[in-house]
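*Asks:* I grabbed these lines from TrEMBL:
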{"type": "BINDING", "residues": "104, 106, 107, 111, 379, 411, 476, 479, 480", "note": "Na(+) binding site"}
{"type": "DISULFID", "residues": "210-219", "note": "disulfide bond"}
{"type": "REGION", "residues": "1-20", "note": "region 'Disordered'"}
{"type": "TRANSMEM", "residues": "98-116", "note": "transmembrane segment"}
{"type": "TRANSMEM", "residues": "128-152", "note": "transmembrane segment"}
{"type": "TRANSMEM", "residues": "164-182", "note": "transmembrane segment"}
{"type": "TRANSMEM", "residues": "299-317", "note": "transmembrane segment"}
{"type": "TRANSMEM", "residues": "323-345", "note": "transmembrane segment"}
{"type": "TRANSMEM", "residues": "366-392", "note": "transmembrane segment"}
{"type": "TRANSMEM", "residues": "404-426", "note": "transmembrane segment"}
{"type": "TRANSMEM", "residues": "447-474", "note": "transmembrane segment"}
{"type": "TRANSMEM", "residues": "506-530", "note": "transmembrane segment"}
{"type": "TRANSMEM", "residues": "536-557", "note": "transmembrane segment"}
{"type": "TRANSMEM", "residues": "577-603", "note": "transmembrane segment"}
{"type": "TRANSMEM", "residues": "623-645", "note": "transmembrane segment"}
């Protein structure tokens, strides 16, 4: 039989124009017979075909066999002017390009600056129990599901969700906007790494001492702080026995450590970040309302980051797929080198002990389980549309199951291994500073831009180790940034095909807009702006969006439908484990994070109350933050209401029509159509 091929988008159920549609379809079929038979590439893409009298055997003789090479797909479409158009959708030039891209996206800065601290804070080795359970029952199923959807529908998030469940098509817009917001600040953080990398090419690192123009009288090096603690603790030395001596030493240490904090004595690394990278001078009275002047060094670093991103992505996955061979693999080389070096540092074993020493009593604390779940979710990154975008460039029968398992395993192992590296250096920092590890262990940007650089500055050959470390941060951040940008580019290009044809211009305009938005982040008080975006841009909104994703696929699209889709694509239906996790555990997993996060939510400020650079955000900034967060997820109910209004009938009928997936809408238009995966799709206009 000759197969007339319809594309996925823009085909809806009957609207009273059946006769006109039939006449137009017959005209298109005659033209498409020639275009289809002459097409010399037949990649496996899910689409709809129409039966007629020609047998499949005859068609197989006319069509060449499917090739196993990977390259662009010709997608033939017919516009409303009856003109045949051919669009090219790229495919990964190598299967490893895809695997390295999703590994590079999943393994990011959070693996370095958040997981080790959470592991230490939440019971050491005991934290691995809730973490592994969260990965298996929540993170892995959601990660795999998004790859499946992207590969099956071969579309970005916006058009993909429109086909899966039109009622919740707003999910696609929501996750695209969230990825858009995230890029506002994420690339700024990467630019800090570039700033430090440039500063590392000096004989003496600029954050190693207090002899610079930006330093204050409160600046104190590691050795001076250690001497202060020793002198303070030696003031009282009246002990009776060994046990009392131990108790008194702990008591004296706590008192002296509090005195050190009260005096607001700061390290050179703290002052370098706050007074040189930024300009948070107390006399300037900076705030969100008065952010000061532009720091031109920061702005230049941000511009360089966007230039790197542009020339890595302007040609699509042909270029970004090759760049990730370096950005995804190089961090492991550096991590191995730093682990080997850290093993021989004084105090490294003490740091490892603090890191992995199990405290099973912590498992009774609900916050530990919430931390494990949130770390799993944000580390793997389902819901940003990145996985869907990357998978949309796969061959239809690509073994995405294998890649999902490999990526999740690599991500988890990287998180755990990076903890050894971080805590080896924190143990060393504790040893040379005389402070307990609990007083030097931090998370987030404080860890990688203040604590860790200060530890490196005290080592022999410090500039060499600094270059290695900041190159690692740079590459870790860049491939995750590539993923976020590709999610936006793919999603919008599938909605507006003209953007794909003008990709170089589109990517250039997108990054130029990002750069303009990033200018406030490069002012004297730009760190306040970055932290505000980081607190509100994605946390609650992305979890809510993915919660609706799980509900849409499992309960509205239906587990039977998704199982048949997977069988069509991979040859077998998913097992009971996947069905149970998608239908029940994943929604509970996400709902638990949202509820616990809202219950425990407190307005964040910059730094700790005892820090010399502490800043309390004004109430109006939190209001803006919540508006910012809701501006993305509001698309989910807004589009749902719109879809219900566009359907006909009573409310129940409208609901049933609005959740009808794309494929079934095609069957409603023409009962003779069947599903095939052997041809390149061709579009009939509606």
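From the backbone N, Cα and C atoms, a Cβ is placed for every residue, glycine too.
Just so you know, TrEMBL annotations never went through curation; they're auto-generated.
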*Asks:* List, by number or range, the same-chain residues at least 6 past the transmembrane segment (536-557) whose CB is under 8 A from its CB atoms?
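*Replies:* 142, 145-146, 149, 161, 164-165, 167-168, 171, 174-175, 178, 181-182, 184-185, 377, 382-384, 582-583, 586-587, 590-591, 593-594, 597-598, 625-626, 628-630, 632-633, 636, 659, 661.
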*Asks:* Looking at the binding-site residues 379, 476, 480, which has the shortest Cα distance to residue 210 (disulfide bond)?
*Replies:* 476
*Asks:* Check the transmembrane segment (98-116) against each of 128-152, 404-426, 506-530, 577-603 and return whichever range has the most CB pairs under 8 Å.
*Replies:* 404-426
*Asks:* Select the range from 164-182, 299-317, 366-392, 447-474, 506-530 that forms the most Cβ-Cβ pairs under 8 Å with the transmembrane segment (623-645).
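*Replies:* Looking only at 164-182, 299-317, 366-392, 447-474, 506-530, the most contacts with the transmembrane segment (623-645) come from 164-182.
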*Asks:* Once the chains shown are all counted, how many other Cβ atoms turn up within 10 Å of the Cβ of residue 480 (Na(+) binding site)?
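*Replies:* Its Cβ has 25 other Cβ atoms within 10 Å.
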*Asks:* If you count Cβ pairs under 8 Å, which stretch among 164-182, 299-317, 366-392, 506-530 touches the transmembrane segment (128-152) the most?
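*Replies:* Selected stretch: 366-392, with the most Cβ pairs under 8 Å.
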*Asks:* Long-range neighbours only, meaning 6 or more apart in sequence with Cβ under 8 Å: which ones does residue 379 (Na(+) binding site) have?
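*Replies:* The list for residue 379 (Na(+) binding site) reads 106, 108, 110, 111, 114, 115, 139, 411, 415, given in order along the sequence.
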*Asks:* Which of 107, 210, 219 has the fewest nearby Cβ atoms, counting only those within 10 Å, among these recorded positions?
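*Replies:* Selected from the recorded positions 107, 210, 219 on minimum Cβ neighbours within 10 Å: 210.
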*Asks:* Looking only at Cβ atoms, how many others are within 10 Å of the one on residue 476 (Na(+) binding site)?
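*Replies:* I count 29 other Cβ atoms within 10 Å of it.
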*Asks:* Would you kindly list the residues that approach the transmembrane segment (323-345) from elsewhere in its chain, counting only those six or more residues past its ends and only Cβ-Cβ distances under 8 Å?
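*Replies:* Non-local partners: 96-97, 100-101, 103-104, 107, 312, 414, 417-418, 420-421, 424-425, 427-428, 431, 459, 465, 468-469, 471-472, 475-476, 478-479, 482.
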*Asks:* Provide the number of Cβ atoms within 10 Å of the Cβ of residue 104 (Na(+) binding site), excluding the reference atom itself.
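*Replies:* For residue 104 (Na(+) binding site), the 10 Å Cβ neighbour count is 27.
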*Asks:* Nearest to residue 219 (disulfide bond) by Cα distance: which of the binding-site residues 104, 107, 476, 480 is it?
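*Replies:* That would be 476, nearest by Cα distance.
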*Asks:* Take the transmembrane segment (447-474) and find every residue of the same chain, 6 or more past its ends, with a Cβ under 8 Å from one of its Cβ atoms.
*Replies:* 109, 112-113, 117, 190, 192-194, 196-197, 200-205, 207-208, 222, 267-270, 272-273, 277, 330-331, 334-335, 337-338, 341, 345, 422, 425-426, 428-429, 432, 440-441
*Asks:* As a test: from 164-182, 299-317, 404-426, 506-530, pick the stretch that has the greatest number of Cβ pairs under 8 Å with the transmembrane segment (366-392).
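*Replies:* Comparing 164-182, 299-317, 404-426, 506-530 against the transmembrane segment (366-392), the winner is 164-182.
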*Asks:* Which sequence-distant residues neighbour the transmembrane segment (506-530)? Criterion: at least 6 residues beyond either end, Cβ under 8 Å.
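*Replies:* Sequence-distant neighbours of the transmembrane segment (506-530): 183-185, 187-189, 274, 278-281, 284, 286-288, 290-296, 298-299, 302-303, 306, 309-310, 313-314, 485, 488-489, 492-493, 499, 606, 615, 617.
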*Asks:* For the transmembrane segment (164-182), find every same-chain residue at least 6 residues outside the stretch whose CB is under 8 Å from a CB in it, and list them.
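*Replies:* Distant Cβ neighbours of the transmembrane segment (164-182) are 149, 153, 156-158, 383-386, 484, 487-488, 491-492, 533, 537-538, 541-542, 545-546, 548-549, 551-553, 556-557, 628, 631-633, 635-640, 643-644, 655, 658-662.
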